[in-house]
Amino acid sequence: MMVYNLNMFIFLSLIILSLMIGLNSVSVFYLWFSIEVNMMSFIPMILYYNNYYNFCSIKYFLIQSFSSSLMLLLMLNLYYMNIMNFLFFMLILSLFMKLGYFPFHMWYLNILKDLDWMSVMLLMSIQKLLPFYKLWGVFKMINFSSSNFFESFNLNNFYMIILILMSLNIMMLIYSNNSVKFFMGVSSINHMSWMILLILIDLHMWSCYYMFYIQILTNLILIFNMYNVDNFNYMYMIKSKIFKFLIFFLVLMLMMMPPLIGFFLKMFSIELFMEYKLYFITYLMLNLSVFMSYYYLSLMMSCLLINSSNFMYNMNINIQYMKIDYSYFFMNLLMMFLYSMWML
């Protein structure tokens, strides 16, 4: 157990170190190097956290290494070729692949279903930080190389096509799937749509959105991990009224419903989009959010309305998860509240 904890500490330290190097690097090659260190530190954590062997680590390595090599090749050719728009387009697509965003989202959703909850939390949170930072750098380069980014690169048309296709694809994927991890992955893709557009327009607003989303995600995943909830039908295992209320409250925050702080985040984001005349894109993203709200409500209702006495099912829950300190969750909620006050 001591060796296990030491290994986890080393790999987690390497992930944090790679994040610090990447976020403070000026050179694109140092940033690329930190992304690679981040990837190679996360793969052993996937193997350690999963009690049985699966192909998640191999899938993750193949996808990330291919997108990284493509990204490096494009960055090397960016200074020597005149077809700037095409290279920028391919560079953005390679970063979409690293993020697990549409149209390269299937590997992301398939891996999430087979991972344990702690690996899911890392993959959906800090593992996205460096690709988002690189994406911001690419958008800055495009803005510097052209007088009007929205016209020269046709971002409006490009993003509209992605959102329309993604909406249709998500509706088909999520319709008959009861996996909570799969649903959280689809929810993550939906929130990435907002964050990608925000990081193009306002880095500070993106930071607020990202930190807010990570806080909610962490609290939800900790509860799901404690009760080993992998399926909507397993929600009856959550017998604590406190945790049921927390799930209800956190899912409402994830939906960004009024009068919670997430609603104001989304409202300020829409105001920014309106300033850049992204009317139809905003309309599409709002429609997708409304569609996702139905499944958020399903998640809440499956937790609140199911009566455990109607189920004859026994599940061994690890006793160490049951000894969790309740104050940890309330401390996280307090941090979200204080952070929201600072943002406003």
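Cβ coordinates are placed from backbone N, Cα and C, and glycine is handled just like the others.
Lifted from TrEMBL, the feature list:
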TRANSMEM  7-23  transmembrane segment
DOMAIN    27-290  domain 'NADH:quinone oxidoreductase/Mrp antiporter transmembrane'
TRANSMEM  86-104  transmembrane segment
TRANSMEM  116-136  transmembrane segment
TRANSMEM  156-175  transmembrane segment
TRANSMEM  207-224  transmembrane segment
TRANSMEM  245-268  transmembrane segment
TRANSMEM  280-306  transmembrane segment
TRANSMEM  326-342  transmembrane segment
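Contacts between the transmembrane segment (207-224) and the transmembrane segment (7-23): absent, as fewer than 3 C-beta pairs lie under 8 angstroms at sequence separation of six or more. Count of Cβ pairs under 8 Å against the transmembrane segment (156-175): among 7-23, 86-104, 116-136, 280-306, the largest is for 280-306. Counting residues 6+ beyond its ends, the transmembrane segment (7-23) has Cβ neighbours under 8 Å at 30-31, 33-35, 37-38, 41-42, 44-45, 48, 122, 126, 129-130, 133 in the same chain.
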